[in-house]
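Some notes on the structure that comes next.
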Amino acid sequence: MAPPETGDELVFFVNGKKVVEKDVDPETTLLTYLRRKLGLCGTKLGCGEGGCGACTVMISKYDPFQKKILHHTANACLFPICALHHVAVTTVEGIGNTKSRLHPAQERIAKSHGSQCGFCTPGIVMSMYTLLRNKPKPKMEDIEDAFQGNLCRCTGYRPILEGYRTFAVDSNCCGKAANGTGCCHSKGENSMNGGCCGGKANGPGCCMNEKENVTMMSSSLFDSSEFQPLDPTQEPIFPPELMTQRNKEQKQVCFKGERVMWIQPTTLQELVALKSQYPNAKLVVGNTEVGIEMRLKNMLYPVILAPAWIPEMNAVQQTETGITFGAACTLSSVEEVLRKAVAELPSYKTEIFQAALEQLRWFAGPQIRNVAALGGNIMTASPISDLNPVLMASGSKLTLISMEGKRTVMMDEKFFTGYRKTIVKPEEVLLSVEIPYSKEGEYFSAFKQAYRREDDIAIVTCGMRVLFQHGTSRVQEVKLSYGGMAPTTILALKTCRELAGRDWNEKLLQDACRLLAGEMDLSPSAPGGMVEFRRTLTLSFFFKFYLTVLQKLSKDQNGPNNLCEPVPPNYISATELFHKDPIASTQLFQEVPRGQLVEDTVGRPLVHLSAAKQACGEAVYCDDIPHYENELYLTLVTSTQAHAKILSIDASEAQSVPGFVCFVSAKDVPGSNITGIANDETVFAEDVVTCVGHIIGAVIADTQEHSRRAAKAVKIKYEELKPIVTIQEAIEQQSFIKPIKRIKKGDVNKGFEESDHILEGEMHIGGQEHFYLETHCTLAVPKGEDGEMELFVSTQNLMKTQEFTASALGVPSNRIVVRVKRMGGGFGGKETRNTILTTVVAVAAFKTGRPVRCMLDRDEDMLISGGRHPFLGRYKVGFMKNGKIKSLEVSYYSNGGNSADLSHGVMDRALLHLDNSYNIPNVSIMGFICKTNLSSNTAFRGFGGPQGMMIAECWMSDLARKCGLPPEEVRKINLYHEGDLTHFNQKLEGFTLRRCWDECLSSSNYHARKKLIEEFNKQNRWKKRGMCIIPTKFGISFTVPFLNQAGALVHVYTDGSVLLTHGGTEMGQGLHTKMIQVASRSLGIPTSKIYISETSTNTVPNTSPTAASVSADINGMAVHNACQTILKRLEPIKQSNLKGSWEDWIKTAYENCISLSATGFYRIPDVGYNFETNKGKPFHYFSYGVACSEVEIDCLTGDHKNIRTDIVMDVGTSLNPAIDIGQIEGAFVQGIGLFTMEELRYSPEGNLYTRGPGMYKIPAFGDIPTEFYVSLLRDCPNSKAIYSSKAVGEPPLFLSASVFYAIKDAIYSAREDSGVTEPFRLDSPATPERIRNACVDTFTKMCPSAEPGTFKPWSVRA
């Protein structure tokens, strides 16, 4: 049946309302339609590739085959609008709102402090809501599994899980608050105990609470009894019209767009005929692969066929030989069928099913599994597919159909013919897949190693099957299939042939590994890199398979018990997977003093004031601002070369794209093209580009889609120049950004002479992508007169945004108004680098005279905006036999990228934190900023401090080994004391670190657990545990003195309501909430009377960036100052009417012509430091903390599990314990990413490979410590900040180094088992590759690395 000349009508429902779309473009995603056409902006764009879950919605449809309504989550960023025909969509706006009532899924995440920046919150809410629709009484495991496809960069996940635990039927496991104080999960060796009162030190029930004038400790951040109950009967009904429609006979529909035609046939005959007519058409079910190809790889498929309605392609049939799945069956439905089969069939028949289920468990996230088809997974022919090795090793059969009829092919070594190619003919359709039952005497396993367990693509994956001759341990047949070892999924044919007929014993293992090492060879330059690691994994996986089978053979009652060797007891754990235990956590904080007024919220765990709006999708972010009628969209044109001369720019082809308006470049800048913190950057590149992603121009068009297409059509010719990419290359070529900083204290040479030992070494710390969920966004609105322009920007730095824009436009700063309501995360990434986008958008708005908007796609944002500086530290440390440090000489090298930006400040802080928390009498340090051809690196939470301290802990760890002393003892004897001078000669006052250290040692039960770890390691050869306790000392202040200032503006209106404005921006850290708490106490009124609308340059001028963790300090003092001014004016009125209310006093003041508006100002006194003289005071005060972490590693794969973390943190007298604990946990988990997971990978030519969540992995829900305990140090007021508080944003991040060094501790145990005892180098992050390669053993020795310099690597370390 040929498609009609005109398109059909698309009919679907959104939040219960019918939508009829007569003009639909198949290239439009559901996300775009929701946001642009329906104005439903609660659904967010986080990545555009289905990797973050910010766009999660619920899809509901009536299944006529099962005769029931099905609800499932999906990623709206990939879901094609055309796939919604006769489907219902529910978005976060459709389940509850702040005007009427919140749904329990919204209320609980808000009130449990699970929303910080809030950008990810709607997606998480919808994942929870969909789970509740399907399972109103879920288990905790169901809840954790539901979030596999959701990411959060702010919270550290713990409060989200705690809030949603209240839905779980197994939450109250022992009749008490689950995992709170007194829960059974918190008892025993792993409880947060120690110290006084039988393990209740510092907590509720501690003897300290009985003392006079001592406030109590609390572990309750929210009261679950206040939550409204879930009532499943009150959920919206499924549209009856859709049930009626699906029961009717369906007809083929067709939708035509500008470039793509979408045809949805209803019968197999129609589909086969269409595939014959359009042999190159793509079949799409979930669009999870094709959608990414079209957006990120610039692919175009003019015809798309959607087989989702065809009964035969959705059918599931159990036969005598296996289960046959229609090719359009989703992975979730396959999972459901296999799980049922495993539960019902004899276990010997389900070996393959069990392995497939294990692979499916970690296959993407639920949002992808719910829509992605089994057939699509096969036909995509990805060489790193999780399922294809299972299907190949199992001997699965595929049925193909075309106009010529059906044929069945085996999924064997002949099926994949090349990269992304199969034997399937263009006109053929994959109809079904048969996964066979396993036989008696047949065993099957599947393995996968990735950077992250949840929602990650494989590095290497495999399926392994062995069939034994009946009644023996002799191999009849073996199939070993690998992904990630070639351009296709492959079988180790030679190895399989050699193993047939052999007995399953140690000799077979040795020969198999030798054969695999030869057969699974890789070129040192192989795409994907990690060659040594990948080769070793092939052997490690087989070893695991060998042990697993051996174990099953010996346990099989009917098997040849006497014919196989038993598995050695210390090897058994190698066969066990890391399992997920329910999270256990406690948060301890000091309650407010007895007698504090109820309306005084300072010190109370007040919920983030935007949390409810964020949970309902009502909070407005930059790209949520309604579109102007004449608005245009901008897409950047960036360099594809790291270093090159621009020979020509040709935008002529772009002009032919529909909707094209203009192209802007350097010649269109009306003011100065020079920009940047150090005036060493340009708005647009002119003659030379100095990094991939360097902005050359921009295309402006009527829609985002048109501007994207036009931007891709711009042609640029280059003359390539040699780039500098790595720190090592910069050192060799002496490419440094001057000046080079130094600090000297004492006599280093004399210190070395007096030392018993001298240790030299180096450590590299990789960079880190900010991965704020909201990418950079700007909306520029020209006002039409005198060069005025209004900018809505996602920025931490209004002043520089205003200044740089004014410079580019050639107008004074007073013509530019910058507004920021909130950001979807920042972490330093929006302190300066937003300006490279904002100035471009402003120039475009100036040229066109119309509003212009741009929100970067995730891949663009990661490419151009820079991140945390990679560091190399080279050290020489002298120390005594007892571990006491005498002398330190260090050189730090950072990779600054192609401009200075904030690199000097980052290096300054690194130099000032080289000591971490240790008193070193003699110090000499130099800091070099490498100028390279990468996008300029910039501020990131910690701002150089974590890198400086990480290198300190590297030599501290190694010297403890050298001395043969416990690391915790060596660390403690080197800790500062009260009154000591740092290496930059600042006196330590109010030094609480030793209190934090002692309490953390006690509460973590450190010494008892250390003995248990030693015992565990003796009993396990291939799994090892490690533990480490790490301190931190973090200086608080901008190191640029003039930035330590802030302003505020307070307006009081005649009804008594207060409008508060200050110079800080809200990015999820709760700054606005804290400022309202400060104003509330200062004015003596409830927080409900105070409101913050936004931060803007026309209310508070010359604002310092919201950075350096000082924003609450400086803005809080400025707010307090403004409030005190108003109170002083009100004092006479209050005295004359002592019984009056606030409203009475305000009305009287107004009638007496007393100003009810006041500005406030504050500057930090007496800060400033001179590197030349090593004199001054760079910091106002210090924040302190200690963390103890325990991990377990898999020595065979490099995988690791975070078992437990205890943190004790000094935050002074907390302004808001919930926000402060949230910052501690969020920073810690972000640090886990920095030190164990997140790795930026570049080509030798400087091209960034890791441009999205597909290849760049931040921690997910399953990566946080299973036991996570945080305690705020009690009774430690800080006289130097507002209401005795302390900064909290950055200081906790470095504590996650405890995880890194716990991993290193575990690796030491593995190496000792191999007879290797000397200190070793472990660079950061401790990825599975580095962990596995460091656990030297027989397998690693069989896969040696190629000699550096003899090959060109696929990737380099910047």
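Glycine residues also receive a Cβ, built from the backbone N, Cα and C atoms like all the rest.
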Site-mate of CYS47, CYS52, CYS55 for [2Fe-2S] cluster 1 in Swiss-Prot, selected among CYS77, CYS82: CYS77
Further binder of substrate named by Swiss-Prot next to GLU831, PHE943, THR1039, taken from the candidates ARG868, ARG909, ARG1009, ARG1081: ARG909
Same Mo-molybdopterin site per Swiss-Prot - residue from PHE752, PHE827, PHE846, PHE984 joining GLN796, ARG941, ALA1108: PHE827
Cα-proximity to CYS152 ([2Fe-2S] cluster 2 binding site), 10 Å cut-off, over binding-site residues CYS77, LEU283, GLU289, GLN796: none
Structural state of GLY376 (FAD binding site), classified by DSSP into three states: helix
Among CYS77, CYS120, ALA1108, which are recorded as binding-site residues, the nearest neighbour of ALA373 (FAD binding site) by Cα: CYS77
Secondary structure of LEU430 (FAD binding site) (DSSP, helix/strand/coil): strand
Averaged pLDDT score, the domain '2Fe-2S ferredoxin-type' (8-95): 96
Pairwise CA distance, CYS55 ([2Fe-2S] cluster 1 binding site) versus CYS120 ([2Fe-2S] cluster 2 binding site), rounded so that it is a whole Å: 8
Secondary structure composition of the domain '2Fe-2S ferredoxin-type' (8-95) [DSSP: H/G/I, E/B, coil]: 15 helix, 31 strand, 42 coil
Cα distance (Å, whole number) from ALA1108 (Mo-molybdopterin binding site) to LEU430 (FAD binding site): 57
Shortest C-alpha distance to CYS120 ([2Fe-2S] cluster 2 binding site) - which of the binding-site residues GLY286, ARG909, ARG941, PHE943: ARG941
Cα-Cα distance, maximum over GLU831, ARG909, PHE943, THR1039, record's substrate binders, Å: 16
Fewest other C-beta atoms within 10 angstroms, as judged across CYS52, CYS77, which are the binding-site residues: CYS77
